[in-house]
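Asker: From TrEMBL, for reference:
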- E268: active site, proton donor/acceptor (ACT_SITE)
- H267, H271, E297: Zn(2+) binding site (BINDING)
Amino acid sequence: MSESNQKLEQEFLEYVKKISAFEEALSLVYWDLRTGAPEKGTTQRSEVIGTLSGEIFKMKVSEEMAAFIAGLWLEKDGLSDVTRRSLEECKKEYDLNKKIPAAEYEAYTKLVAQAENVWTTARATNDYALFEPYLEKIIASKRQFIEYWGYKENPYDTLLDQYEPGMTVAILDDVFAKLRESILVLRQRVEAAKHQPDPTLLHKRVSKEHQKAFSMRILAKMGFDFAAGRLDDTVHPFATGLNTGDVRITTRYDEDNFKMAVFGIIHEGGHAIYEQNISPKLIGTPLSNGASMGIHESQSLFYEIILGSSFAFWQSNYKDFQEITAPAFDDVSVEEFYRAVNISESSLIRIEADTLTYPLHIMIRYELEKAIMNGEIGVADLRDAWNDKYEAYLGVRPGNDADGILQDIHWSGGDFGYFPSYALGYMYAAQLFATMSKEIPNVSEILASDDYTVIREWLTKNVHQFGMLKKPLAILQDTTGEGLNPEYLIQLLNDRYDFIYKLNEV
Ligand code: ZN
């Protein structure tokens with residue numbers, strides 16, 4: 001590489017470091033707004049967030065950024081892995097933003113801001129018709145943007161790729177078809193099962209302090225580093241990584257439903273442990289993040305579903321739970337408790353769904369989004385299509401729009417292509433666990449033990465450390481030796497629900 005380009009590389013790395021410093025400041029301001037900021041400061045705070053975001057956006061699409069890309073792109077194979085992947089990510093974002101004419105992009109930004117407000121009102125008043133004209137315009141914009149961005153096989157691929165690089169309709173159609181078939185069969189068996197768990201066993205009041213005490217113990221066992229993170233209260237739980245040494249999670253407590261905070265904290269803890277263990281050499285680059293939405297979700301779900309919803313986990317932790325909450329669960333056995341916690345029921349609301357039905361909620365959204373972006377369905381027919389699919393897959397039909405098509409915020413923000421990441425997270429987690437079980441033969445003993453270090457280290461070695469250095473499907477391929485395979489999740493669900501519903505006992 002020429003000397004002038006070495007200088008350019010250095011300048012590029014300085015530039016992205018500056019962007020990531022602004023981003024860290026923005027995340028901190030945002031975290032504060034969502035956790036403890038005084039109410040009277042929130043309007044001005046939102047202004048500041050808008051200004052900071054605007055400055056970061058400008059840096060990402062600036063003339064300087066254009067010059068870095070133009071100067072380094074042709075020689076990128078001679079760059080270090082970190083610089084090359086950073087450059088690729090910067091170019092991807094630059095192209096996404098620059099390919100849309102500035103005036104159209106600005107109009108779209110305003111449209112989306114309005115649409116979110118209208119959606120809030122529409123949901124509160126069960127009025128899809130109110131939201132319809134906005135949704136129509138957002139979809140028209142997105143379809144136009146796809147024309148600017150370009151696509152190879154299916155227009156929807158372009159949107160999928162923005163959340164899950166490398167993911168396509170061709171892959172998803174195949175894996176979702178297999179997964180859906182298996183879940184529907186298992187759902188029928190579960191519904192017909194003679195030994196139904198008793199959910200009323202869980203109807204006990206557990207104080208916030210007790211929920212927190214138990215969850216903190218679990219977080220520590222999971223390997224959450226309290227010297228590199230913290231836990232706070234919020235309304236809508238989230239995790240935010242300011243840097244690898246400062247990763248914050250939040251939760252909400254309901255004293256009549258301990259499951260929400262306990263499993264919520266385990267889930268957000270999984271996200272946080274991922275970010276705490278990204279290699280320090282990626283700090284200050286755009287790569288110091290999770291590889292994708294789906295891989296991030298695979299880490300939270302690994303802890304929540306594979307570990308935290310396994311019988312082995314509760315065999316070792318239930319005594320603690322009983323002691324902390326005593327005497328509430330004194331008369332509930334670990335098996336009764338475990339079966340009740342993992343009950344499966346068809347429901348209308350995605351975020352309240354259990355492990356078995358959750359992927360069905362995602363497939364409904366996937367199929368609709370794909371049809372929308374391919375121009376196969378218009379907004380006027382969307383509500384009926386939504387309701388029909390709920391009836392077909394889950395056997396329930398929404399009685400109003402708030403419990404149906406208006407339940408998620410995503411479409412009002414133009415976030416099409418995002419939903420599949422959630423279901424991918426389940427499949428990635430199960431596939432990773434299958435490989436982990438081969439490499440660590442006594443993994444179920446570890447789940448039942450007091451020390452999960454080996455599990456955390458395995459995840460760090462194969463997933464966490466790379467941040468965005470590796471793309472999602474490369475992480476999967478390098479670790480498990482194959483591409484996305486839904487069979488591991490199907491097997492896990494069958495084994496688990498066999499046990500919970502005693503499907504082999506008559
Ligand atoms: Zn999550």
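Glycine residues also receive a Cβ, built from the backbone N, Cα and C atoms like all the rest.
Remember, TrEMBL labels are computer predictions, not curated facts.
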Asker: Measure from the Cβ of H267 (Zn(2+) binding site) and count the other Cβ atoms within 10 Å, all protein chains considered.
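Answerer: A 10 Å sphere around the Cβ of H267 (Zn(2+) binding site) contains 23 other Cβ atoms.
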Asker: Counting every protein chain present, what is the number of Cβ atoms, excluding its own, within 10 Å of the Cβ of the residue listed as 'active site, proton donor/acceptor'?
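Answerer: Excluding its own Cβ, the residue listed as 'active site, proton donor/acceptor' sees 25 Cβ atoms within 10 Å.
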Asker: Using Cβ-Cβ distances, find the residues under 8 Å from E297 (Zn(2+) binding site) that belong to the same chain and are at least 6 apart in sequence, listing them in sequence order.
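Answerer: In sequence order, the residues whose Cβ lies under 8 Å from that of E297 (Zn(2+) binding site) (at least 6 apart) are S421, Y422, L424, G425, Y426, Y428.
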Asker: Just jot down the residues in the same chain as H271 (Zn(2+) binding site), at least 6 apart in sequence, with C-beta under 8 A of its C-beta; none if empty.
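Answerer: Result: A239, I249, G290, H296, Q299, S300.
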Asker: For Zn(2+), what surrounds H267, H271, E297 with a Cβ no more than 8 Å from their Cβ centroid?
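Answerer: Sorted by sequence, the hits are A239, E268, G270, H296, Q299, S300, L301, Y303, E304, G425.
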